[in-house]
Structures are given as structure tokens and as C-alpha cells.
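**Q** What Swiss-Prot shows for this protein is this:
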| type | residues | note |
| --- | --- | --- |
| BINDING | K11, F59, R87, T93, R104, N114 | ATP binding site |
| ACT_SITE | H117 | active site, pros-phosphohistidine intermediate |
Amino acid sequence: MAIERTLSIIKPDAVAKNVIGQIYARFEGAGLKIVAAKLVHLSRGEAEQFYAVHKARPFFKDLVEFMISGPVMIQALEGEGAIAKNRELMGATDPKKAEKGTIRADFADSIDANAVHGSDAPETAAVEVAFFFPGMNVYSR
């Protein structure tokens, strides 16, 4: 398997629960390295731009409102098969359907407040990492 990078966002609900460290421990326990990270409070414009792919979807407005409701922890993860590994750690989008022991099963409250975001493919990962971390701010280790 190839070394990949993926974007992960710990959403406002999980940041408010003070579980960033527990989520980071899961990333590292799965062999993923944090190669860039920052705690930010997204502006409406940033959230709308980042989630523009969902603009026509009925949940877009609520998603943007949720993502600007509090700080988020954004990180680029690197490792063998990082995209699939991160998605496995996250669990199903709906925490009620997420497998026991996944981030969403353990820390999310609803399909809307579902604790984390993760890139779904190599192409989106490249775009999403570049959105938050220009190349000079990502460091392989």
C-alpha cells in the first residue's frame, strides 16, 4: 500500500467534548502520523467554500451553520493507506450505524453532529489538504 495523506477535521461537537487527544491517540495507534494541525474557528465563507460540493444538497445550510458554531481541529494525516484507515477509524456517517469502537460510535451524537470529517478519495484528499495547509505547512516525519 502507498503512503498517502488525508484531511481530518475534528468537528465542533467533539472539540467541545474535549476529546481531541483521544482521537489523536486513535490516529497514532493506527499508524497515522499528524503532519500538520491547527485549531481554528471557521468563517462562514471558509465553511461554504470547503463544503461547496454539497451546495445543492438540502443539508448544506445546516452543515455550514454547524461547522461555524465553534472551533474545529484540522489535521493532515500521513501513512500507508491513510484515507481508508482514517475512514475505518471514523465509522459510518450516522453514529447510530457506526461500528462499536469507532470515533463516531464513541463520540458523535447524531448524523449532523458526527464528530469528524475525513477525505473520501485521493483526489479529494489532495484538494482538502491544500485548502487548509499550503504545501509549505505540511511536514513528513
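Backbone N, Cα and C atoms are what each Cβ position is placed from, and that goes for glycine too.
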**Q** Give me the CA-CA distance between the residue listed as 'active site, pros-phosphohistidine intermediate' and R87 (ATP binding site), in Å, as a whole number.
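**A** About 9 Å separate the Cα atoms of these two residues.
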**Q** Per DSSP, R104 (ATP binding site) is which: helix, strand or coil?
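**A** DSSP assigns R104 (ATP binding site) to helix.
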**Q** How many neighbouring Cβ atoms, not counting its own, are there within 10 Å of the Cβ of R87 (ATP binding site)?
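**A** So the number of other Cβ atoms within 10 Å of R87 (ATP binding site) is 19.
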**Q** Per DSSP, R87 (ATP binding site) is which: helix, strand or coil?
**A** helix
**Q** Using Cβ-Cβ distances, find the residues under 8 Å from F59 (ATP binding site) that belong to the same chain and are at least 6 apart in sequence, listing them in sequence order.
**A** D112
**Q** So among the recorded positions R104, H117, who's got the most Cβ atoms within 10 Å?
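**A** Counting every other Cβ within 10 Å of each candidate, the maximum falls on R104.
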